[in-house]
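J.: If you scroll down you'll find the structure; I have some questions about it.
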Amino acid sequence: KCLQGKLVALSMYKNPTLSPVPKTKPVYPVVEKAEDGNLERGQWNNKMEFVLSVAGEIIGLGNVWRFPYLCYKNGGGAFFIPYLIFLFTCGIPVFLLETALGQYTSQGSITAWRKICPIFEGIGYSSQVIVVLLNTYYIVVLAWALFYLFNSFAVDLPWGSCRHEWNTEHCVEFKKTNGSLNVTFENATSPVIEFWERRVLRISDGIHHLGSLNWELALCLLLAWVICYFCVWKGVKSAGKVVYFTATFPYLMLMVLLIRGVTLPGAAQGIRFYLYPDPTRLVDPQVWMDAGTQIFFSFAICLGCLTALGSYNKYHNNCYRDCIALCFLNSGTSFVAGFAIFSILGFMSQEQGLPISEVAESGPGLAFIAYPRAVVMLPFSPLWAFCFFFMIVLLGLDSQFVCVESLVTALVDLNPEMFRKKNRREFLILGVSVFSFLVGLVMLTEGGMYVFQVFDYYAASGMSLLFVAIFESICVAWVYGAGRFYDNLEDMIGYRPWPLIKYCWVFLTPAVCTATFLFSLIKYTPLTYNKKYTYPWWGHALGWLLALSSMVCIPTWIVYKLSTSKGPLREVGKAAGPGQSGRGSRDPWTRLQPREQRDVGAGRFQSHCFLCLEGRYESCSSQRKKTQAPAP
């Protein structure tokens, strides 16, 4: 019996007549503990915390050091054609799928998949294995950036001259003299490269020679982990406050660097190389491969992070609108970052008399070689160096602590009786941080850069992410049901999203991801360092072991579930609970299956009010229009 949206336990009423209901407590009482004595999961205080947290996760280093170079390398403006195709067929659909799944189930990435389809719970394990590997090496970039940031406080930047103990006799300070280099000889190196390789990395001759640990970088890594720990040690309560700074301040730094870059001589030449379209490059399959992998890298999909962040949303949050806005914000940031980067590279090209192709780099080469070299040529170079590396630190920091939050959320939801107690979550975060810190120390040795490249090339590669995306779309579209998931979305946001997204889940996303995955296998090229050093066979074996460690989780779990569960395959694959009708079911229980369905056993509902007659559930809003007479 429900009138005026009030909540009542169904077990209280045996007479099906409708009558006014006395006043009750609010729908969502603010409590510190659940009925079982465990601490509550918590929620975002407001929508802005969620939006900024997701923005901080997806807008990271790849937007600055990867997208601009890929655009330049793969045909300039023509690269936007495959990029936009992957954006609308894979990026936005999977982004929405993961975020909505977390919001719908209020669970981390492992238990969320268990709730909608137990046989595909391995998807959650696979994504978290990738996150574990990612946590160990991604933060190493922050250690390098912090080291450069501290060195930016010097009046004369240490990578700007050859007058230091780490420089060799081959070091040459490149300067402009009548449009050409003032000194040329065969083995010349720049002070920027020598600072990077001999001062920062102290790089050895191969992965077989790890050598000693760089204690200065180790302290920088420790500082990065301490900052990361205190950003998430109180869960969304602390992370939601930190992102107000870490997610917004990089935009200020980016705008400062953009304005400075476009006002330099030669900036127009750099921007022209960045955007000038070359349609002939579109016939190269590698261009399409680069576009697809960039979408998966920059949107942080298949990592479980979006599911974890979405799980702290209120049930009726409009996640569809948020996802569309965040996807376009991410792509727009990448596009604008290209102007900031290539305007500086154009200036450096003109100053040194070199073509753009010789100064443009991607990845760490851009952040720690190309850009520092350009900064040296600017007036007030320490200021611009500080702005750039501070931006790099912030871009990497929020991506890092969101990954940690994703892993911790998955583990806590997997074992709530163990970890959802006082201070246990904090100790779990501490354990994750210490473990990742100790593994990361290996990458700060003399041979650590070779180990870092193996992790970066194999552990969280496009191949692993594509494999997870294929099974995510199959699970939701073909097993759980795309129409059924659309019903759940409609219940959360009040309307059905654009129909194209559903067709992407069913057809386009799995087809495009499968084709790209197969192409990456066919076109696989062994890893090298600087196109010179060739890894030994066991180095490649280690890389493939890292890649397979995540991919094997999905088929292994399917086999395990089939071998340990009784009944036919169709029953094994079903989600637990009533209302298990087919794809796109209109059964009210299936359509209205949010957090309140889980509370039926406790004799209460949250956010919806139903009248239970003969095993059927009807919204009380429809009953208000009827006379107060016994229901048929």
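Quick reminder: no glycine exception, Cβ is built from N, Cα and C everywhere.
Annotated Na(+) binding site per TrEMBL: GLY56, ASN63, SER298, ASN330, LEU395, ASP398, SER399, in sequence order. The compositional bias 'Basic and acidic residues' annotation in TrEMBL covers 584-599. Annotated disulfide bond per TrEMBL: CYS162-CYS171, in sequence order. Look at TrEMBL and you will find 571-599 tagged as region 'Disordered'. What TrEMBL records for 50-68, 80-101, 122-150, 213-232, 244-271, 291-312, 324-348, 368-397, 427-445, 457-480, 500-522, 542-560 is transmembrane segment.
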J.: Just the number: how many Å between the Cα atoms of CYS171 (disulfide bond) and LEU395 (Na(+) binding site)?
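T.: One finds 32 Å between the Cα atoms of these residues.
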J.: Using a 10 Å cut-off on Cβ-Cβ distances across all protein chains shown, tell me which of the recorded positions (CYS171, LEU395) has the largest neighbour count.
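T.: Of the recorded positions CYS171, LEU395, the highest Cβ count within 10 Å belongs to LEU395.
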J.: Sequence gap of 6 or more, C-beta under 8 Å: which same-chain residues meet both conditions with respect to SER298 (Na(+) binding site)?
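T.: In sequence order, the residues whose Cβ lies under 8 Å from that of SER298 (Na(+) binding site) (at least 6 apart) are ILE58, ILE59, GLY60, GLY62, ASN63, ARG66, PHE67, ASN330, SER331, SER334.
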J.: Under a Cβ pair cut-off of under 8 Å, which of the recorded stretches 122-150, 213-232, 291-312, 324-348, 368-397 contacts the transmembrane segment (500-522) most often?
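T.: By the under-8 Å Cβ criterion, the transmembrane segment (500-522) pairs most with 291-312.
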J.: Among the recorded stretches 50-68, 80-101, 213-232, 244-271, which has the greatest number of Cβ pairs closer than 8 Å to the transmembrane segment (427-445)?
T.: 213-232
J.: Which residues, in sequence order, are found in the same chain with Cβ within 8 Å of the centroid defined by the Cβ atoms of GLY56, ASN63, SER298, ASN330, LEU395, ASP398, SER399 at the Na(+) site, excluding those residues themselves?
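T.: Close Cβ neighbours, site residues excluded: ALA55, GLU57, ILE58, ILE59, GLY60, LEU61, GLY62, ALA300, THR333.
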J.: Could you check whether the transmembrane segment (324-348) packs against the transmembrane segment (122-150) - three or more CB pairs closer than 8 Å, residues at least 6 apart in sequence?
T.: no
J.: At least three Cβ pairs under 8 Å linking the transmembrane segment (244-271) and the transmembrane segment (368-397), pairs spaced 6 or more in sequence?
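T.: Yes, the transmembrane segment (244-271) contacts the transmembrane segment (368-397).
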J.: Six or more residues out from either end of the transmembrane segment (213-232), which same-chain residues have a Cβ under 8 Å from its Cβ atoms?
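T.: Long-range Cβ neighbours of the transmembrane segment (213-232): 139-140, 142-144, 146-147, 150, 200-202, 238-239, 242, 246, 397-398, 400-401, 404-405, 408, 429-430, 433, 436-437, 440-441, 444-446, 448.
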J.: If you count every Cβ pair below 8 Å, which range out of 50-68, 122-150, 291-312, 457-480, 542-560 shares the most with the transmembrane segment (368-397)?
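T.: Of the candidates 50-68, 122-150, 291-312, 457-480, 542-560, 122-150 scores highest.
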J.: For the transmembrane segment (80-101), I need the partner stretch with the highest count of C-beta pairs below 8 angstroms, choosing only from 50-68, 122-150, 291-312, 457-480, 542-560.
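T.: The listed stretch sharing the most Cβ pairs with the transmembrane segment (80-101) is 291-312.
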J.: For the transmembrane segment (291-312), what are the same-chain contacts with Cβ under 8 Å, counting residues 6+ beyond its ends?
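T.: Residues packing against the transmembrane segment (291-312) from afar: 41-44, 50, 53-54, 57-60, 62-63, 66-67, 70, 74, 79, 82-83, 85-87, 90-91, 94-95, 98-103, 105-110, 112, 124, 127-128, 130-131, 134, 236, 319, 327, 330-331, 334, 399, 402-403, 405-407, 409-410, 413, 460-462, 464-466, 468-469, 472, 512-513, 516, 520.
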J.: With pairs closer than 6 in sequence left out, are the transmembrane segment (50-68) and the transmembrane segment (542-560) joined by 3 or more CB pairs under 8 Å?
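T.: Between the transmembrane segment (50-68) and the transmembrane segment (542-560), which are separate recorded stretches, there is no contact, as judged by 3 or more close Cβ pairs.
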J.: Can you name the binding-site residues among GLY56, LEU395, ASP398, SER399 whose CA is within 10 A of the CA of CYS162 (disulfide bond)?
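T.: Among GLY56, LEU395, ASP398, SER399, not one has a Cα sitting within 10 Å of that of CYS162 (disulfide bond).
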J.: Reduced to three states, what secondary structure does DSSP give LEU395 (Na(+) binding site)?
T.: helix
J.: Tell me, how many other CB atoms lie within 10 A of the CB of ASN330 (Na(+) binding site), whichever protein chain they belong to?
T.: 26
J.: Return one of helix, strand or coil for CYS171 (disulfide bond), based on DSSP.
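T.: Where CYS171 (disulfide bond) sits, the three-state DSSP reduction gives strand.
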